[in-house]
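Asker: Quick one: the structure is below, and I'll ask about it shortly.
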Amino acid sequence: MDALFSSFVSSTSAFSSQNLPIISLHSPKPNSAAHSLISSVRIEDKPSSSSTTTTTGPTTVKTTPTSPPRRPNSSSSSSSSSSSSSLVRPRRHNPPTLPGALFTALDDIINNFIDPPLRPSVDPKHVLSDNFAPVIDELPPTKCLIEKGRLPSCLDGAYIRNGPNPQFLPRGPYHLFDGDGMLHCLRISHSGKSATLTSRYVHTYKYDTERRAGHPLIPNVFSGFNGLTASAARGALSAARIFAGHFNPANGFGLANTSLAFFGDHLYALGESDLPYEVRVTSSGDIQTVGRKDFDGKLFMSMTAHPKLDPDTGETFAFRYGPVPPFLTYFRFDRSGEKQPDVPIFSMTSPSFLHDFAITKKYAIFTEIQIGMKPMEMIGGGSPVGSDPSKVSRVGVIPRYAKDESEMRWFEVPGFNIVHAINAWDEDDAVVMVAPNILSVEHTMERMELVHGLVEKLRIDLNTGIVSRHPMSASNLDFAVINPAFVGKKNKYVYAAVGDPMPKISGVVKLDVSSGRERRECEVARRMYGPGCYGGEPFFVAKENPVEEDDGYLVSYVHDERSGESRFLVMDAKSPQLQIVASVKLPRRVPYGFHGLFVRESDLQKQL
């Protein structure tokens with residue numbers, strides 16, 4: 001989606017020059033004053049004020065009050081890294097110029113009069129309520145309390161979760177996807193005996209440029225271009241700022257706020273609106289942004305936030321998409337991270353939202369869904385991206401080592417709209433893909449609480465062209481993962497987040513998607529976080545010497561909205577109840593985000 005909006009921003013400018021001792025709190029009502037928590041963008045988190053007894057399953061745990069969190073740049077923090085370079089640096093703002101002051105005034109006029117945030121989906125008081133509110137500052141490496149159990153030694157490494165965290169209070173419309181990327185990294189070491197949390201912004205060109213200026217310069221890609229008048233006004237203002245030298249779009253204006261990937265011995269923060277940003281986790285657990293990477297000039301404009309790493313060959317497969325032909329371009333990286341030539345796909349005849357895809361050992365699989373560019377919607381003040389109920393969804397299958405699109409085959413699959421793919425594999429002369437099908441796709445951007453993700457198994461017979469579909473679970477599921485060792489191969493188990501409703505995640509379920517269980521509920525295990533407690537996408541980490549596919553652990557950050565406390569959970573993936581084997585109390589709140597990644601200690605050493 002970012003890529004569609006980013007290209008639109010560019011063209012407009014040129015034309016008009018995110019058993020555990022969780023402390024439950026009372027959740028605010030949707031229309032209550034709690035939705036004014038936009039103020040929490042610039043205040044510290046509230047500490048727990050009294051002892052609280054909580055339950056998660058059969059175990060009851062009593063927790064004690066915690067002291068107020070210290071500010072990350074406090075010199076009295078003994079748990080922070082001793083290195084002065086790891087402390088939060090004060091923002092250095094350039095003195096305002098007369099053109100800069102004029103542009104800021106014009107921006108306020110646009111945000112307050114031409115395009116005020118009238119819809120809940122772009123109203124920052126609504127969008128940034130509860131734990132969607134950003135944290136106030138970066139957090140240098142800070143020791144954490146392992147309050148329950150013991151962290152397994154296979155978790156030595158770093159769990160990193162990406163998500164939006166706007167560095168400035170939104171001055172106009174703001175969508176959930178618009179925030180600057182922030183990485184929340186839990187560094188685990190000494191055979192699970194030590195845990196350190198760090199929260200750092202990805203230093204994108206957009207983030208650094210606006211940080212120096214002291215205010216936003218680049219319009220929000222998801223909320224800034226609804227309607228012709230707003231688009232023309234913001235496009236003209238952006239063009240004026242470009243001509244004044246306030247920012248250079250050639251350096252990118254993406255957020256790097258969606259996911260992470262580790263390939264070619266390098267770690268990247270990803271967002272679809274820009275090139276990857278290489279980041280590095282230091283031995284102390286700090287995070288450094290190395291820089292924007294174009295792979296020796298071979299990667300153009302942008303890349304998917306969901307590349308696929310083949311665990312057997314070490315290759316990484318990816319794509320980009322946009323609003324002008326070719327609407328889809330497929331490519332791959334070899335084992336060393338060297339980018340291979342592009343394969344443009346001209347048989348995709350209209351711009352479609354292509355957030356994710358899947359690979360098998362033989363093929364790459366793409367979906368052309370009912371969400372795409374709809375410029376005519378802007379006439380009525382709508383978004384240039386929306387759903388088209390008259391469009392028939394298609395699934396494209398191409399050999400994964402194709403040099404051109406001559407062998408690309410498209411199959412019509414009505415009503416099949418996926419945002420995230422889970423896995424795919426080859427089966428005789430067929431391909432099989434498992435993914436959540438998004439029902440009520442028209443609400444994907446505006447009313448996410450009405451979206452239901454129905455996990456389906458899709459099978460395409462490549463000889464006959466017959467497509468069969470089977471639901472795997474009736475629950476509202478998304479943000480699903482598998483054992484990474486089974487990417488592109490037939491797997492049995494899927495671990496998915498439970499929407500309650502989306503985008504909040506109230507728990508995690510384990511599905512058995514093996515053959516023989518179609519047409520019935522495939523859920524085999526479930527863990528709910530408790531009243532007022534919400535998590536995010538789980539991630540599967542295998543044990544050192546796994547024997548079976550589910551020999552490992554699920555990890556995730558979980559937040560209690562009533563106490564304001566966040567924790568890192570470790571669940572036994574093999575347990576029928578996804579039993580919690582360890583929890584780490586985090587030194588401060590971790591906002592809800594998007595996708596995460598676990599990087600083993602051996603891989604971290606490769607990028608130091």
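Using N, Cα and C of the backbone, Cβ positions are placed for all residues, glycine too.
The Fe cation binding site annotation in TrEMBL covers His306, His355, His420, His595. Annotated compositional bias 'Low complexity' per TrEMBL: 48-65, 72-86, in sequence order. Under the heading region 'Disordered', TrEMBL lists 40-99.
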Asker: Residues near the Fe cation site, His306, His355, His420, His595 excluded, by Cβ within 8 Å of the Cβ center?
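Answerer: Residues close to the Fe cation site, other than His306, His355, His420, His595: Thr258, Ser259, Thr304, Ala305, Asp356, Val419, Ala421.
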Asker: Across all the protein chains here, work out how many other Cβ atoms are within 10 Å of the Cβ of His420 (Fe cation binding site).
Answerer: 20
Asker: Once near-sequence residues are set aside, which residues in the chain of His595 (Fe cation binding site), 6 or more away, have Cβ atoms under 8 Å from its Cβ?
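Answerer: Once residues fewer than 6 apart are set aside, His595 (Fe cation binding site) is near Arg161, Asn162, Thr258, Ser259, Leu260, Ala305, His306, Phe479, Glu537.
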